[in-house]
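Colleague: I'd like to ask some things about the structure below.
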Amino acid sequence: MNIKVSLLFILPIFLLLLTSKVKAGDIVVYWGQDVGEGKLIDTCNSGLYNIVNIAFLSSFGNFQTPKLNLAGHCEPSSGGCQQLTKSIRHCQSIGIKIMLSIGGGTPTYTLSSVDDARQVADYLWNNFLGGQSSFRPLGDAVLDGIDFDIELGQPHYIALARRLSEHGQQGKKLYLTAAPQCPFPDKLLNGALQTGLFDYVWVQFYNNPECEFMSNSENFKRRWNQWTSIPAKKLYIGLPAAKTAAGNGYIPKQVLMSQVLPFLKGSSKYGGVMLWNRKFDVQCGYSSAIRGAV
């Protein structure tokens, strides 16, 4: 009798824990755009993140020499950022994926043609991924993939994604991720996203009132459901880590945990939460507050 009672008591708890484990999501953060955010190795050692996007390779395309901009952390052109190799390898050794994010909000990148896109892909492969180059801006560390944070330029990103995917067939898994704006479909990345080559997509549900939860929760839900239709493996909600991290779109921690995450977890593609950025997360403790609910 006692055994039966115990089993009846334990089984629901076991099923709850199993469900929680299946639905557990990742936290993704952008690092590299403010020296106030601290070191990359400390970001990884915080235990808060599963993926870190190094931001940004902000100049590329139109057959120009690509340029990395880490906003005061180090000077790439003089080799000052090669010191990050040790940190990158440490992060990877503890299970954290390190991506290079290309693009951002500065008007210094574009893809003028398919050939231009393929050339950029070759540069990324040889300088940050599994290829070889005489001068690698981040040293010999091999990053886990490329993040497309594309807000400007011509829509030749299909060719860029396909060429990177071709390179990725040579050995180590190469992840492709993207951070489109929440209006659906994304005017620059839709074609690339429809190829099915992207592993993770973190949609920026901020700086776009029409699809932000705090502006209109029903529109937010409709947009999320639309985004789940793309052939990506996992879909994430992208949010500012503090009110001051973006013009609008901030969701209070308790609202996210009590109202938003339960809805998102209804999707089989739910992947977790992306935060902009590490500096604001350090200041406001957003990820540490939501970690257990993600």
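Using N, Cα and C of the backbone, Cβ positions are placed for all residues, glycine too.
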Colleague: Looking at Swiss-Prot, which one of CYS74, CYS81, CYS91 makes a disulfide with CYS44?
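Modeller: Disulfide pairing in Swiss-Prot: CYS44 with CYS91.
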Colleague: I'd like to know which of the disulfide-bonded residues CYS81, CYS211 has the most other Cβ atoms within 10 Å of its Cβ.
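Modeller: Counting Cβ neighbours within 10 Å, the top one is CYS211.
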Colleague: How does the model score the domain 'GH18' (25-294) in terms of mean pLDDT?
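Modeller: So the average pLDDT across the domain 'GH18' (25-294) works out to 98.
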Colleague: Closest to CYS182 (disulfide bond): which of the recorded positions CYS44, CYS74, CYS81, GLU151, going by Cα position?
Modeller: GLU151
Colleague: If you measure CYS211 (disulfide bond) to GLU151 (active site, proton donor) at Cα, how many Å is it?
Modeller: 17
Colleague: Look up CYS211 (disulfide bond) in the DSSP assignment and report helix, strand or coil.
Modeller: helix
